[in-house]
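Copied over from Swiss-Prot:
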BINDING   80, 81, 82, 231, 232  substrate binding site
BINDING   82, 83, 260, 261  NADPH binding site
ACT_SITE  191  active site, thioimide intermediate
ACT_SITE  198  active site, proton donor
């Protein structure tokens, strides 16, 4: 099945009636075959989708609005193509529902069927101050200035380059594993369907006997700038590369991508489910 499918190849018709058939699944195996690593180690975590343009009608025909968060397990065989999700949510705009809970149940059923796994759906009232959708800050230090003192120009690369992680480093190891927590706001890749740029913030927490070189890590993150890959695939590529180079005892990799079409996507992969953080939202979302 082509990742383009019927999306992006012709003028889009926006449905005005409930249309679950617009949801378009994409096999995770497509991206994982490219990574060429152990699939089972990429299946621990979640993809959190946050939708800010959800609306439906109550029984009086009055528009209702809410913010939604969808939790798709990394073990699901499929992801959902983001534009198809937007079309699906739009199709609910003029459908009557008796309660918010009914909408929540319906969306969970349709998304679960699409990705062939149980999807957790939360709907938040706009007046709920404790929704977990307030602006947060990544943990750790920001490494975006790690190359500020370097005179070397960072070249553009067509594909991610994990060899940058070991550039000009020694084989010295730390006697006891140390935890490094850091983030960068400079993650960029391209959507493989539309070729549009996807910007995001990447955060990593890693416990390893190998020290993290912030400058090399930044070079590695910048090597994604012209890479064509879905959000989930990019995070899994980073998780696989860091796992193979650092051989960590614990690893968490997550990204918060900026919103498009009212939806942002936030994948997270962990070496153990106990390391899974809570979903959150950053300032660019």
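All positions are counted from 1 along the displayed chain.
Placed from the backbone N, Cα and C atoms, the Cβ positions cover glycine too.
The structure, with features from Swiss-Prot marked on it.
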{"residue": "80", "record": "substrate binding site", "Cβ neighbours (10 Å)": "23"}
{"residue": "81", "record": "substrate binding site", "Cβ neighbours (10 Å)": "23"}
{"residue": "82", "record": "substrate binding site", "Cβ neighbours (10 Å)": "24"}
{"residue": "83", "record": "NADPH binding site", "Cβ neighbours (10 Å)": "20"}
{"residue": "191", "record": "active site, thioimide intermediate", "Cβ neighbours (10 Å)": "19"}
{"residue": "198", "record": "active site, proton donor", "Cβ neighbours (10 Å)": "24"}
{"residue": "231", "record": "substrate binding site", "Cβ neighbours (10 Å)": "23"}
{"residue": "232", "record": "substrate binding site", "Cβ neighbours (10 Å)": "24"}
{"residue": "260", "record": "NADPH binding site", "Cβ neighbours (10 Å)": "17"}
{"residue": "261", "record": "NADPH binding site", "Cβ neighbours (10 Å)": "15"}
Of all C-alpha pairs drawn from the substrate-binding set 80, 81, 82, 231, 232, the farthest apart lie at a distance in Å of 12
The largest Cα to Cα distance in Å among the residues 82, 83, 260, 261, listed in the record as binding NADPH, is 9
Whole-Å Cα distance, residue 82 (substrate binding site) to residue 261 (NADPH binding site), is 9
If you measure between the CA atoms of residue 83 (NADPH binding site) and residue 231 (substrate binding site) and round to the nearest Å, you get 13
From 191, 198, 260, 261 (recorded positions), the ones whose CA sits within 10 A of residue 231 (substrate binding site) are 191, 198
